[in-house]
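Heads up, the thing below is written out as structure tokens.
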Amino acid sequence: MATTKSVLVLFFMILATTSSTCATLGEMVTVLSIDGGGIKGIIPATILEFLEGQLQEVDNNKDARLADYFDVIGGTSTGGLLTAMITTPNENNRPFAAAKDIVPFYFEHGPHIFNSSGSIFGPMYDGKYFLQVLQEKLGETRVHQALTEVAISSFDIKTNKPVIFTKSNLAKSPELDAKMYDICYSTAAAPTYFPPHYFVTHTSNGDKYEFNLVDGAVATVGDPALLSLSVATKLAQVDPKFASIKSLNYKQMLLLSLGTGTNSEFDKTYTAEEAAKWGPLRWILAIQQMTNAASSYMTDYYLSTVFQARHSQNNYLRVQENALTGTTTEMDDASEANMELLVQVGEKLLKKPVSKDSPETYEEALKRFAKLLSDRKKLRANKASY
């Protein structure tokens, strides 16, 4: 929780100098953030498939990809996996996975990743298949090769510090130019579920640099939206592409934050009487659930408040299902029946209103975002041609 607070303080310190000068659409910094949640990544994957389809329709281009429209794509845990899939280049320097390929990936590999390969004295899953499939899909690609700026979090249990993998930090910290498959496994290595991940890179002097990493949710508590915005803010200050942005304000931000769902109000909640009888192990399991839920709500609360205060509420969209029940609440239930339910959750979510105070549905809001993203991309391209 202290790490989340530090990121929040850093973010608001950077933005404290923002001007009120309204920028043109072409100068917007566009950010996509994807939560962690294991197999529940199927929910944001379903949303991304819809959004990419809308971008293809708006631009009349079946080859349009999300990485073409977002300046920063950030994720933690399963969100980090999605980030890598849509930003890692293939042999043609295009994203190796379209958004429509992500859900089939979960269906094909989820049951093997979340199998019963662990032991009673260790993590529930040994992670061997997971790492193998990541190596096969992502190859030797490193951070610097990502097709847009990325922000993938993990936590080093040896240094007791968060590790943020971004392209913009490589000049200062070349040891962060790790292989994408190492990063993806690390950000998803949730304690008790998968073993921590050890790998080595090299510093600018050629010295070995060791990583001992676990799930990025330990660093960002599941929702990387603040982290992604902090990276975007820093990027806008150093990237020549954003030279015309003198001082970033909220009218120059477009943030899409995708959740993996939270439990319904009375599902998996507890009373003080129940909790009074718990031992340490029971508390560990409950605290993880409570912390993730609290972080998701509070991060959205912070961002909604700030964007609204700056009269830029239409520039921020949080897509989240808050009424998961039954098996859909589990991050490791990769049965075909449950994965089908998660797809349905994502599809039904598109038809729901963004808030109780707004008649706009998530589907309508995403169509609006697709138009904004398309317009911004075209304006920036036109500006570059002069």
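Note that Cβ sites are derived from N, Cα and C of the backbone, with glycine treated the same way.
What Swiss-Prot says about this protein:
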{"type": "SIGNAL", "residues": "1-23", "note": "signal peptide"}
{"type": "DOMAIN", "residues": "32-229", "note": "domain 'PNPLA'"}
{"type": "CARBOHYD", "residues": "Asn115", "note": "N-linked glycosylation site"}
{"type": "ACT_SITE", "residues": "Asp215", "note": "active site, proton acceptor"}
Averaged across the domain 'PNPLA' (32-229), what pLDDT does the model get? Just tell me the whole number, please.
95
Densest Cβ neighbourhood among Asn115, Asp215 (recorded positions), 10 Å radius:
Asp215
Integer Å distance between the CA atoms belonging to the residue listed as 'N-linked glycosylation site' and Asp215 (active site, proton acceptor):
19
